[in-house]
């Protein structure tokens, strides 16, 4: 009894909460540096919303050309996303982040010197590849270095930096809008190269992902990283044991460098087959959940609002460029403030409650925006209440999106895949995300012309409502679970909000209500 009591006391001391602030500072710094890659996408989204006003006037472009110019980068990013999984398994997560920054740097410089529409499209092709790499690697790296106790908080950082980049893009639009027509939009786009340079310097201070190190047999390096990013030495050892098991390395193998059989290093084709052709029930559920959350995040129209805010505000009744750009800056501020709030709620409230509350608010905001824009569109008199309600609904929509659907999509989809499938699974999620975003952003103006701008937001509201049903039925809670035990939470398609998965003696998953 005495020995048991001593062991129990020792266990409590080892996991003393007072240890967390010290150990989590390193994981916090790693997450900050990795997530800076997301600024690249955010800045491009934000700056294009205002830059297209002047690009259209300078290059004499049609609405269809503007749609293509704005949205095509999402499709170009698919190339980077498809390559990022294998690239990060080959050269490591850290150097994949460097590669993403370098590619986007080249694209931003080329956009700043674009003389015509064709050259600008080529520059956006280059930048899009860099964005695709960044979108995949930032949440994966952050999830792999984060302890379970703060993984939601830290893995939400990429979305925080996307929103920060959007805000910087909006501010850049307003700040450079007074320059000459030919210079202003080129400066707006070209200055986006600056974050890439900062990223390339900052990444030198980052360690490699411990999971990638284990996959390469570098156990000594992996435990050094885990000791710095875990809440205690015992947690670091537990995380190492789970990663070794996932990588097929014997538990009693503790050499600094070990040989990893090629059979345990799954080839890319084998991984894709396991994901889509011959998945287990748990993996099938994970794939559906990951791809579904990415689809509904974008299909609810967030990029239409963020990319075309000036157009929406013009339709709502704001006439001058200055009024439209100032209102757009307010959108960026709302997104940034509420994403910061979300980071502190993810590990306290849980993924499911926050996501369901967020999407419910999005549905109400979208339907309100649709009604107010329809009133403005069909009225010969300017109704100030409808104008004010339209602006308030846009702000409400981006706020409710940012507090849940925005960050949770990246957190959830990066943490639910097993180690052997994580890089390719995350890449598949990004592909769905970018394709959906590209379709929305490349058709919004045409859709608004066909069914009216109010009708477009009624459509987005209906899609968001379908998304709420999907999330309620398909997504189990993942809060507080290690990445290696995540797979056990999946395999059944109907979930209750506080369900937790446990294994019975027969290996079957049971759920306690």
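Sequential numbering from 1, following the chain as shown.
Backbone N, Cα and C atoms are what each Cβ position is placed from, and that goes for glycine too.
The annotation transmembrane segment is assigned in TrEMBL to 26-54 (among others).
Residues or ranges marked as domain 'Major facilitator superfamily (MFS) profile' in TrEMBL: 30-479.
Annotation source TrEMBL lists transmembrane segment at 66-83 (among others). Beyond its flanks by at least six residues, the transmembrane segment (66-83) meets 41, 44, 48, 52, 55-56, 100, 103, 117, 120-121, 124-125, 127-136, 303, 307-308, 427, 430-431, 434-435, 437-446 of its own chain at Cβ-Cβ distances under 8 Å.
Same-chain residues lying 6+ beyond the ends of the transmembrane segment (95-113) with a Cβ under 8 Å from its Cβ atoms: 34, 37, 40, 80, 84, 87-88, 119-120, 122-131, 133-134, 137-138, 141, 186-187, 189-193, 195-197, 199-200, 203, 206. Taken from TrEMBL, the feature transmembrane segment applies to 95-113 (among others).
Panel annotation: around the transmembrane segment (119-141), residues 30, 34-35, 37-38, 40-41, 44, 55, 59, 68-69, 72-85, 87-88, 93-94, 96-97, 99-108, 110-111, 155, 157-158, 161, 192, 196, 209, 410-411, 413-414, 422-423, 426-427, 430, 433-434 of the same chain, lying at least six beyond its termini, place a Cβ under 8 Å from a Cβ of the stretch. As annotated by TrEMBL, transmembrane segment applies to 119-141 (among others).
Taking Cβ pairs closer than 8 Å, the transmembrane segment (153-171) reaches residues 27-28, 31-32, 34-50, 135, 138-139, 142-143, 145-146, 188, 192, 195, 306, 325, 328-329, 331-333, 335-336, 339-340, 342-344, 346-347, 402, 406-411, 414-415 in its own chain, all 6 or more past its ends. For 153-171 (among others), the entry in TrEMBL reads transmembrane segment.
Sequence annotations record features per position, and here TrEMBL assigns transmembrane segment to 183-206 (among others).
Residues annotated as transmembrane segment in TrEMBL: 286-313 (among others).
Annotation comment: TrEMBL describes 325-346 (among others) as transmembrane segment.
Within the chain, the transmembrane segment (353-373) has long-range Cβ neighbours (under 8 A, six or more residues past its boundaries) at 296, 300-301, 312, 315-316, 342, 345-346, 386-387, 389-390, 393-394, 396-397, 399-401, 403-406, 408, 412, 452-458, 460-461, 464-465, 467-468, 471-472, 475, 497. Under the heading transmembrane segment, TrEMBL lists 353-373 (among others).
For 385-413 (among others), the entry in TrEMBL reads transmembrane segment.
Sequence-distant contacts of the transmembrane segment (425-445), counting only residues of its own chain at least 6 positions beyond either end whose CB sits under 8 Å from a CB of the stretch, comprise 63-64, 66-68, 70-75, 77-78, 81-82, 84-85, 132, 135-136, 139-140, 275, 286-287, 290-291, 293-295, 297-299, 301, 303-304, 307-308, 311, 409, 413-414, 417, 456. If you look up TrEMBL, you'll see 425-445 (among others) marked as transmembrane segment.
Residues or ranges marked as transmembrane segment in TrEMBL: 451-471 (among others). When Cβ-Cβ distances below 8 Å are used as the criterion, the transmembrane segment (451-471) is approached by residues 292-293, 296-297, 299-301, 304, 312, 315, 352, 355-356, 359-360, 362-363, 366-367, 369-371, 373-374, 377, 405, 444 of the same chain, each at least six residues removed from its ends.
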Taking a Cβ cut-off under 8 Å, which residues six or more beyond the ends of the transmembrane segment (183-206) line up next to it in the same chain?
29-30, 33-34, 36-37, 39-40, 43-44, 47, 50-51, 54-55, 58, 94, 97-98, 101-102, 104-105, 108-109, 111-114, 127, 130, 165, 169, 172-173, 176-177
Residue list, the transmembrane segment (385-413) vs rest of chain: Cβ under 8 Å, 6 or more residues beyond ends.
139, 143, 151-152, 155-156, 158-160, 162-163, 289-290, 293-294, 296-297, 300, 302, 305-306, 309, 312-313, 316-318, 327, 330-331, 334-339, 341-343, 345-346, 351, 354-362, 364-366, 368-369, 372-373, 375-376, 379, 425-426, 429, 433, 467, 475, 478
So what's the mean pLDDT when you look at the domain 'Major facilitator superfamily (MFS) profile' (30-479)?
86
So which residues does the transmembrane segment (26-54) touch in its own chain, when a touch means Cβ under 8 Å and the partner is 6 or more beyond its ends?
66, 69-70, 73, 77, 93, 97, 100-101, 104, 127, 130-131, 133-135, 137-138, 141-142, 145-147, 150, 154-155, 157-170, 172-174, 177, 181, 184-185, 188-189, 192, 195-196, 198-199, 202-203, 205-207, 228-229, 303, 306-310, 321, 325, 328, 332
